[in-house]
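Asker: Got a structure here, written out as structure tokens. Questions coming.
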Amino acid sequence: MAASGDRRFSFQTGHKNSFGAIDYVIFAATLAVSAGVGIFYAIKDRKRKNIKDFLLAGGNMHVVPVAMSLIATFMSAITMLGTPAEMYNYTTMYLYIGLGYLLCMAASAHIFVPIFYNLKLTSAYEYLEKRFSRGIRTLGTSLFTVQMIVYMAIVLYAPSLALNAVTGLSLWGSVVAVGICCTFYTTLGGMKAVLWTDTIQVGLMVAGLLAALIQGCIELGGLSRAWRIATEGGRVDFSDFRADPKVRHSFWALTLGGAVIWISNYGTNQAQVQRALTCGSLRHAQIALWINVPGLLIILGLSSLAGIVMYAFYSSCDPQQFGLVSGNDQLFPLFVMDVLGHLPGLPGLFVASIFSGSLSTMSSGLNSLAAVILQDILRPYFLRGMSEERATLCSRALGSACIVRHVGVSDVGTLHSRRLLPLGKYLGSIRRFVLEPGDHALDWRGRLYSQSQARSLHPTHTRVQLEPDQSQLLGPVDGLTAFDRNGTLSSQGAGGAISLNMTTSASGLNVSLAEATETSALEELYQLSYLWYGILAVSVVVVVGLTVSFVTGCLDPKEVDPRLVQPVCSVFCPFLPKACLQYLHCGVQHHKRDEWDRREEKQRQRDAKVKVTFLEPEVEMKSFQKEDVIFELETVRLHPVSS
């Protein structure tokens with residue numbers, strides 16, 4: 001990679017570009033705009049103190065902001081830092097996860113969302129009480145709370161650490177600033193502020209990726225040249241169709257395993273359930289999910305192409321070996337500072353786009369945490385009969401408290417991007433509802449025991465290591481000018497011209513696999529690709545849960561509320577004969593859903609009846625005179641006699 005004009009890059013000088021004043025202004029402006037949205041909706045909705053308005057945006061939001069919010073929630077800063085590094089270190093096989101998005105959205109929109117929407121739930125874990133018991137509901141809420149706090153800490157701390165190492169942006173300054181801003185607009189504006197700030201932040205994320213991609217292509221001489229260099233370096237590969245579950249990124253792992261992992265986000269995650277309920281109808285909620293797909297694919301494509309360009313840019317000098325960065329999570333920020341550092345404001349735009357991903361994920365997390373803690377813990381156990389106004393105030397307070405808790409665990413250590421993508425997906429898949437909508441035989445004992453068994457399996461995949469091909473790369477050298485494509489390093493020092501020749505492959509890196517050794521069955525299990533974790537967990541829950549349920553006495557299908565079990569065959573194969581569909585329903589009486597609705601409505605009316613107290617009147621007559629006119633006043637006192 002040769003320098004453009006008189007400009008010199010980090011691998012030529014050994015020094016990294018840093019933030020300028022304009023960059024800080026743009027970063028601050030991003031936070032200010034988000035805070036402004038929160039203030040706007042706090043003023044606009046100041047007279048609305050209903051919990052539905054605060055947590056569900058009144059239930060009448062347009063599909064576009066809901067779809068944009070879904071994109072921003074699940075495409076976090078981890079994606080924007082991890083995907084380019086994935087392309088740099090591995091191959092383009094990761095792009096197959098886009099097919100997993102499609103499978104995930106089909107299942108989420110037509111299996112999971114209808115259940116939650118038709119039940120009119122505020123918390124996704126209310127389903128667990130209806131399906132199993134209150135104890136299972138509380139357990140699910142507790143696990144979600146811990147998982148979300150840890151995940152939000154990673155989403156905020158990891159990019160802050162990476163940007164601090166490369167750009168010089170203050171680590172704890174950015175953590176505190178972003179945390180305070182997120183708490184501010186989430187607490188003041190509620191769900192409406194979250195949805196509209198997410199929409200703005202999606203635009204910033206796309207703008208940041210486009211800026212880095214376009215300028216990188218300009219420096220290299222075009223995207224076609226970058227693609228050719230990546231192909232020569234073995235980074236362009238779409239041919240791994242091995243069924244071996246130990247293969248990190250195969251077609252089957254990315255499509256099937258990726259779909260199951262993403263279903264935990266779009267099918268059962270509390271943040272998604274709340275967004276579905278903000279729509280005016282079930283159809284609008286489903287449309288919002290499908291609109292979300294092109295957005296996911298655009299961000300996946302842009303970040304992957306940025307990784308290809310980044311690989312071509314550093315193809316003759318690995319920044320990690322050169323000592324410019326200490327982790328893969330710092331690769332993309334270094335690349336951005338190299339190609340955009342000479343353009344005032346654009347590095348700030350990139351940092352704003354990274355933290356937009358963090359803000360959107362955190363705001364959604366805070367809002368969902370406030371909802372589940374209020375609905376699943378405080379109201380059922382401690383604050384029964386709480387008014388809507390007090391519940392809204394409590395939700396605001398919970399959002400503020402959650403950010404303090406999550407910042408408290410933010411110092412999780414350096415997380416390289418080779419761990420960011422797997423860790424983010426694993427944390428998103430530790431909670432699964434796949435059994436509940438589809439399996440009628442499972443009872444609460446089977447569910448509880450199977451969950452404990454699934455959570456005991458934490459396989460760790462050994463990452464394929466990347467090692468230098470033949471000769472080691474040099475550290476920073478005074479007067480260093482460039483590596484050319486043949487590996488020739490030229491320098492003009494004080495004593496005259498120096499030329500060193502390094503024989504390297506086109507990629508400069510070779511993938512080396514550890515020698516095969518005899519392993520036990522358990523050790524083989526621990527070599528699974530992280531993308532199969534979800535399928536493994538679901539399999540354990542199904543097998544163990546059904547076994548325990550049948551031993552302890554499984555539920556009679558006729559007694560199962562059909563509104564809690566989605567007839568998958570009827571959804572995706574409605575053309576089958578009616579008799580065949582009824583057989584596939586396994587005894588669950590889906591044709592009696594209306595009867596269950598009427599039964600629940602009658603129960604609700606019975607519970608809502610107020611006890612009537614019969615009163616006996618006591619009449620007292622009083623007389624008084626004013627200006628020769630006599631007035632008689634009759635006073636009636638009522639005394640309770642029975643209830």
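Glycine is treated like the rest: Cβ placed from N, Cα and C.
Quick paste of what TrEMBL says about this protein:
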| type | residues | note |
| --- | --- | --- |
| TRANSMEM | 24-43 | transmembrane segment |
| TRANSMEM | 55-81 | transmembrane segment |
| TRANSMEM | 93-117 | transmembrane segment |
| TRANSMEM | 138-158 | transmembrane segment |
| TRANSMEM | 170-190 | transmembrane segment |
| TRANSMEM | 202-227 | transmembrane segment |
| TRANSMEM | 247-266 | transmembrane segment |
| TRANSMEM | 287-314 | transmembrane segment |
| TRANSMEM | 334-355 | transmembrane segment |
| TRANSMEM | 530-551 | transmembrane segment |
Asker: Select the range from 202-227, 247-266, 287-314 that forms the most Cβ-Cβ pairs under 8 Å with the transmembrane segment (93-117).
Answerer: 247-266
Asker: Where among 24-43, 138-158, 170-190, 530-551 do we find the most Cβ pairs under 8 Å to the transmembrane segment (55-81)?
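Answerer: Ranked by Cβ pairs under 8 Å, first place goes to 138-158.
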Asker: For the transmembrane segment (334-355) and the transmembrane segment (138-158), decide whether they are in contact, meaning at least 3 CB pairs lie under 8 A, counting pairs 6 or more apart in sequence.
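Answerer: They do not touch: fewer than three Cβ pairs between the two stretches lie under 8 Å.
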Asker: Is the count of Cβ pairs under 8 Å between the transmembrane segment (170-190) and the transmembrane segment (287-314), pairs 6 or more apart in sequence, 3 or more?
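Answerer: Per Cβ check, the transmembrane segment (170-190) does not touch the transmembrane segment (287-314).
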Asker: Do any residues of this chain, six or more beyond the ends of the transmembrane segment (24-43), have a C-beta under 8 angstroms from a C-beta of it, and if so which?
Answerer: 169, 177-178, 181-182, 184-190, 192-193, 196-197, 200-201, 204, 345, 348-349, 351-352, 355-356, 359
